[in-house]
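**Q** Features from TrEMBL:
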DOMAIN    3-218  domain 'Cytochrome b561'
REGION    232-279  region 'Disordered'
TRANSMEM  7-30  transmembrane segment
TRANSMEM  50-71  transmembrane segment
TRANSMEM  83-103  transmembrane segment
TRANSMEM  123-146  transmembrane segment
TRANSMEM  158-180  transmembrane segment
TRANSMEM  200-221  transmembrane segment
Amino acid sequence: MTGSEDVILALLILIGHWVHVTLGGVALAPVELPDGTGNDTSKLFNWHPVLMTLAFAVLMAEGLLAYQSPLLPGLTREVRKRVHWGCHSAALLCAGLGLLAALQSHRLKRPVPMPDWYSPHSFLGLTALAAVAAQFFLGAYAYLWPRLGLPQRLALGPVHRFVGMTAWVAGLAAVATGVQEKLTFLQLGRKMAGPDLYGPAVRVPAAVLPLLVALAALVLYHQAPPAARLAGAAASDGSSGGGPRDSSTTQALLRGGAAAVPEGDEDADEEARARHRAY
């Protein structure tokens, strides 16, 4: 457990409350206006923030943590690999449905349809979704089927991790800008003033943004190489008076390497680490 699960739960509660109470909930189709002059597609659109939060703040976050810090401890590497793939598959599905909800709410709007891609949030979100999709299919090709050879997987591993983290951070940024954009529309549409500017309609999304930053920090910390994360602890142990073996281990960690191992085991240990990194 990394603490990220607490942040994820808080985000789900806040977004769910905001959508249900402030934005009026969700619907699968436009609602006709009583006077027959058009329809209201806002409840159809409200699936968009729900699904995008599930995609980026929940499923992709757990997918990124599946190897280094899984939700359930003690899982074998093969099971972690399946969790990683399953979370990202579900995230891509939710993101696609979230995009569809936004587009349909624009195009089904009457009497005048709304335009698509009219804001910085739109283009940032589209960029993030394209990066996630490309990363997903490249990862499936390299590590699942038809699966590249070990040298190719070893070479691709750092790139796969970096691009995945970049796409995820872009997705979180799109969620943040989307929440802010929706709040701005809400303030303008309801002509908020006075006490309303400090009510739950504003404060709930205001709490979401720092939680997204906290989630990014928690997840990205666990994407650092293990030696980098252990270096501080190793240095502290060394300063408290460890023996010669502790000192050599500390020096290896501080150089960004692995802990010292018996000489006869070095080749086997290096091969095991290589296969471990190759997914």
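The backbone N, Cα and C atoms fix where each Cβ goes, glycine too.
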**Q** Quickly jot the same-chain residues contacting the transmembrane segment (200-221) by Cβ under 8 Å, restricted to those at least six beyond its ends, or write none.
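**A** For the transmembrane segment (200-221), the far contacts come to 2-4, 7-8, 10-11, 14-15, 17-18, 21-22, 57, 61, 64-65, 165, 168-169, 172, 175-176, 179-180, 182-183, 186-187, 190, 192, 229.
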**Q** Tally Cβ pairs under 8 Å between the transmembrane segment (50-71) and each listed stretch (7-30, 123-146, 158-180), then give the stretch with the top tally.
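**A** Between the stretches 7-30, 123-146, 158-180, 158-180 has the largest tally.
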**Q** Can you name the far-off residues of the same chain, 6+ from the ends of the transmembrane segment (7-30), with a Cβ under 8 Å from a Cβ of it?
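**A** 39-44, 46-47, 49-50, 53-54, 57-58, 61-62, 105, 108-110, 182, 186, 200-201, 204-205, 207-208, 211-212, 214-215, 218.
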**Q** State the residues, same chain only, that lie 6 or more residues beyond the ends of the transmembrane segment (158-180) and have a CB under 8 A from a CB inside it; answer 'none' if no residue qualifies.
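**A** Result: 48-49, 52-53, 55-57, 60-61, 64, 95, 120-121, 124-125, 127-129, 131-132, 135, 138-139, 142-143, 205, 208-209, 212, 215-216, 219-220, 223.
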